[in-house]
Amino acid sequence: MAKEPVRVLVTGAAGQIGYALVPMIARGVMLGSDQPIILHMLDIEPATEALNGVKMELVDAAFPLLIDVVATTDAMVACKGVNIAVMVGGFPRKEGMERKDVMSKNVSIYKAQASALEKQAAPDCKVLVNLHRQSRRKTSPCLTRLDHNRALGQLSERLKIHVGQVKNVIIWGNHSSTQYPDVNHATVTPTNSEEKPVRSVVADDNWLNTEFITTVQQRGAAIIKARKLSSALSAASAACDHIRDWVLGTPKGTWVSMGVYSDGSYGIQSGIIYSFPVTCDKGQWSIAQGLKIDDFSREKMDATAKELVEEKTLAYSCLN
């Protein structure tokens, strides 16, 4: 029996990330090869012509799963009945800018879109925010899956193995240069071998505690320097990974990184949006518990939490 279509909203759909993301959704990368999609695309009025061009390309691609496309500059129309919202529209980060530099510009954008979602979206709508926004909505994770995937990629390149052989890295904290990529609980399964701790296989604590961390932290800036544009393809792919695991569940024994509402776990101040190791089941996320935290990790986890407290204050001041 055919499934009912799922309505997926992409904001900033005519932008770089949106343009990379919508064909992935339409092809089934996000929700599976048997899930029909009705795609809602929202962008600003100056992008109307480009947005219509994206819609034409989606029609021309003849995606079997794509039932219909709504392309609009009206947030109330775009949000009507949506089951999933991927918020990737906003003022772009440019070379030399930290994420907090663009926060004040983006807060007003997200505020208007959040209002439309609250009024028009399905009651159980899942919302993913690409900007690590200090949200008032406790159930809306932010996208640190990109950083998580970057960490997996760096380890797979270092070990010259497939990225699928590495799991359970953790991104703690902010989607910024203060984030802490943690491998202390990560494992690798070498070809024709049993699962082993990443630290024992890499066998270079100096690299793991220095260059590995800074490379992941600064990867976004490195891509901007190389492309003169911010990450798009990898961000779109990470958004698909995030929603897929949230909706369909994480594999047993595996967690992923999500920026979620802190409940005080691991000594992190309650009420901030902070990236934790998370498992998902039946459309719900929960923070993985009981992981040992050493002194090196504690210091870095607290430093990125401090930045997030400051960002929350800034974000709320911009709302008033």
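Cβ from N, Cα, C; glycine included.
Here TrEMBL flags 6-129 as domain 'Lactate/malate dehydrogenase N-terminal'.
If you look up TrEMBL, you'll see G12, A13, A14, G15, Q16, I17, G18, D43, N106 marked as NAD(+) binding site.
Feature annotation from TrEMBL assigns domain 'Lactate/malate dehydrogenase C-terminal' to 144-313.
TrEMBL lists H175 with the feature active site, proton acceptor.
On the backbone, the CA of N106 (NAD(+) binding site) and the CA of H175 (active site, proton acceptor) stand 15 Å apart. Around Q16 (NAD(+) binding site), taking its Cβ as the centre, 18 other Cβ atoms fall within 10 Å, counting all chains. As a whole-number mean, the pLDDT of the domain 'Lactate/malate dehydrogenase N-terminal' (6-129) in this prediction is 91.
For the pair H175 (active site, proton acceptor) and Q16 (NAD(+) binding site), the Cα-Cα distance reads 19 Å.
Sequence-distant neighbours of G18 (NAD(+) binding site) (same chain, 6+ apart, CB under 8 A from its CB) are V10, T11, G12, M41, D43, V54, V88, G89, A236. In sequence order, M41, D43, A47, A50, L51, G53, V54 make up the list of same-chain residues 6 or more apart from A14 (NAD(+) binding site) whose Cβ falls under 8 Å from its Cβ. If you draw a 10 Å sphere around the CB of G12 (NAD(+) binding site), it holds 26 other CB atoms from the protein chains shown.
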